[in-house]
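Okay, structure first, notes after.
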Protein chains: 2
Amino acid sequence: MNISVLGCGRWGTFIAWYVNKVGHNVMLWGRENSKNYIGLKENRKNDYLTLPEEIELSHSLENAISQAETIIISISAQELRSFAKRLNSINEIEGKTFVLCMKGIEADSGKRLSQVIDEEIGKRINIAVWVGPGHVQDFVRNIPNCMVIGSDDVEVTKRLASELNSDLIRFYYGQDMIGNELGAATKNVMGVAAGMLDGLQYSSLKGSLMARGTREISRLVRAMGGNDITIYGLSHLGDYEATLFSEHSHNRRFGQAFVEGQTFEKLAEGVSTVKAVKELSNMYEVELPICNALYEILFEDKNAKETLEDLFLRPVKFEF
Amino acid sequence: MNISVLGCGRWGTFIAWYVNKVGHNVMLWGRENSKNYIGLKENRKNDYLTLPEEIELSHSLENAISQAETIIISISAQELRSFAKRLNSINEIEGKTFVLCMKGIEADSGKRLSQVIDEEIGKRINIAVWVGPGHVQDFVRNIPNCMVIGSDDVEVTKRLASELNSDLIRFYYGQDMIGNELGAATKNVMGVAAGMLDGLQYSSLKGSLMARGTREISRLVRAMGGNDITIYGLSHLGDYEATLFSEHSHNRRFGQAFVEGQTFEKLAEGVSTVKAVKELSNMYEVELPICNALYEILFEDKNAKETLEDLFLRPVKFEF
């Protein structure tokens, strides 16, 4: 099959590498003047992997769309709306399948990424998401993982899973777009919190963080109309190993650097997600103590140590 | 208050140290000829901590029972039945409160530890459990955690939590004995599985293990009449950090040593729990794929790598 991947950051480039490895014809698109694109064009590699020659690199969005039936998007979540407007101006998108391989929620609106793209594209397209655990650094060393593909159309889900499945990535069919999208985005919030606990020498409280983090996001998903059990699946709890415990996790490393007073240069999407979830907490009237504590620390200058101690080491009470 | 602690292994000795620190009069009991007891008697310390002078050491079970209203038991789970028979022969136990600070299920019968003690003691006593995350090695370095105290009598639960609460251990009231006892015991099974994944260079699959492990135990708890959400609380999921990711976890280290062909000397209670859970799986007709895979590996000589690959890297399917 012809598959295009839009976005050539760490994940986009890995996806192109992976989809080619699985046996498809791949075009990888990037912005002509982006550092990642220029680097790949010159060396055909980045910090993580080398792209095989048969993967075509292109900076023409029209080309990338017209050559493929399935288009995988992996760009910064907060840029999806403006990017979707650009996609909408391309005629050939009609009837194609777009797979969002990114974890975030629109910060200003609290909207899920599939909603954002759906709102901006006026033509009939299929929208799917690809979420779940795994680090590029592990996959390129042939360390397997299980991930999730979901859409509102089970036939689309099954087709994509069958096209993309391999020994390296085992796909499960996602059954709940709300739960999987919320779960994938908010695990980054828990990653930031985990990093803060690590930085404060409270790593042992990551157990409590897991128990209480899943619970509050589960409540939010239910309030939003999703299935509260989805959060305990691969998209959220199943991604905690990779997010709360791994050296590779940008969100965890951001949280740790934050409490240690260091700067951390890589994108920590969890920070935008904290903002988005604050919106959702108000909108759906659901209390989210951990997300709220992160909001106060990141955006209201509350002291991280005191705020997290207050959260995790409060007086005795019922657990549920 | 006068509190006795029965059992002077790693946990029992820590509990005596902790309960004394919280402000109670403590007697610590051990078998006269046990290595741990002899060591403490001679040096007043073990590998983890030094006992303050005011903690009385005794090898007389009668003394330990008669001097306290609250008695905390921390011995090997599989020895609880014979120990309870011994306790039953002591007249003064009537009306006292026994707190089980141990994680296991009777291997032959699948019975919870509170059931075992209840069956063996013919007099009216209160039975409570103290479970949840935390390593002795962390606590003695003043690293706090949250734990759970539960019983069938909420007044007993509240009294114990209030007597034992401190800045070092924050107690929550457990509301589900079945869920908390099953959760505490079976997290050790997941710890053994995590160690096997670590040993096989599949640490990245610990995310899937968390998602699927909680789910199957949750199903079992529901079948047994408990609350399926308890498993996502401190006694099980909240203990995964300490069990699946910590260097200190005996069960994780046992699992890793097992697949690496090494021997591991410390008690890995998870191995007995695997047997017990096999019983429960049959008794309640609940499928427990992870527990069952562990049973096959540990007791039926199945190859660990193949069995776990088959479990985690199976064909595509629905997640729930």
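From the backbone N, Cα and C atoms, a Cβ is placed for every residue, glycine too.
Residues or ranges marked as domain 'Glycerol-3-phosphate dehydrogenase NAD-dependent N-terminal' in TrEMBL: A:3-155. What TrEMBL lists as NAD(+) binding site is A:Gly7, A:Cys8, A:Gly9, A:Arg10, A:Trp11, A:Gly12, A:Lys266. Look at TrEMBL and you will find A:Trp11, A:Arg31, A:Tyr48, A:Lys103, A:Glu269 tagged as NADPH binding site. The annotation sn-glycerol 3-phosphate binding site is assigned in TrEMBL to A:Lys103, A:Gly132, A:Lys187, A:Asp239, A:Ser249, A:Asn251. Positions annotated as domain 'Glycerol-3-phosphate dehydrogenase NAD-dependent C-terminal' by TrEMBL: A:176-308. According to TrEMBL, the active site, proton acceptor annotation covers A:Lys187.
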Taking every pair from A:Gly7, A:Cys8, A:Gly9, A:Arg10, A:Trp11, A:Gly12, A:Lys266 (the record's NAD(+) binders), the biggest C-alpha distance in Å rounds to 16
Other than A:Gly7, A:Cys8, A:Gly9, A:Arg10, A:Trp11, A:Gly12, A:Lys266, the chain contributes near NAD(+) (Cβ within 8 Å of their centroid) the residues A:Thr13, A:Phe14, A:Asn36, A:Ser74, A:Ile75
CB-CB under 8 A to chain B: among binding-site residues A:Gly9, A:Trp11, A:Gly12, A:Asp239, A:Asn251, A:Lys266, passing residues in order are A:Asp239
A 10 Å Cα radius around A:Cys8 (NAD(+) binding site) captures, of the binding-site residues A:Arg31, A:Tyr48, A:Gly132, A:Lys187, A:Glu269, exactly A:Arg31
If you measure between the CA atoms of A:Trp11 (NAD(+) binding site) and A:Lys187 (sn-glycerol 3-phosphate binding site) and round to the nearest Å, you get 17
Binding-site residues considered: A:Gly7, A:Gly9, A:Gly12, A:Gly132; fewest surrounding Cβ atoms within 10 Å belongs to A:Gly9
Per the 10 Å Cα distance test against A:Glu269 (NADPH binding site), the binding-site residues A:Gly9, A:Arg10, A:Gly12, A:Asp239, A:Ser249, A:Asn251 reduce to A:Asn251
Here the Cα-Cα span from A:Asn251 (sn-glycerol 3-phosphate binding site) to A:Gly7 (NAD(+) binding site), rounded to a whole number of angstrom, reaches 20
Same chain, |i - j| six or more, Cβ under 8 Å of A:Lys266 (NAD(+) binding site); the result in sequence order is A:His250, A:Arg253, A:Phe254
Same-chain residues at least 6 positions away from A:Ser249 (sn-glycerol 3-phosphate binding site) with a Cβ under 8 Å from its Cβ, in sequence order, are A:His135, A:Gly191, A:Gly195, A:Ala242, A:Thr243
Quick tally, other C-beta within 10 angstroms, A:Arg10, A:Arg31, A:Lys103, A:Lys187; top of the binding-site residues is A:Lys187
Integer Å value for the Cα distance linking A:Arg10 (NAD(+) binding site) with A:Arg31 (NADPH binding site) is 14
Among the binding-site residues listed as A:Gly7, A:Gly9, A:Gly12, A:Tyr48, A:Lys103, the Cα nearest the Cα of A:Asp239 (sn-glycerol 3-phosphate binding site) belongs to A:Lys103
For the binding-site residues listed (A:Trp11, A:Tyr48), most other Cβ atoms within 10 Å of the Cβ sits at A:Trp11
In whole Å, the longest Cα-Cα distance within the recorded NADPH binders A:Trp11, A:Arg31, A:Tyr48, A:Lys103, A:Glu269 is 20
Widest Cα pair spacing in Å over the listed sn-glycerol 3-phosphate contacts A:Lys103, A:Gly132, A:Lys187, A:Asp239, A:Ser249, A:Asn251 is 15
Fewest neighbouring Cβ atoms within 10 Å among the binding-site residues A:Cys8, A:Asp239, A:Asn251, A:Glu269 goes to A:Glu269
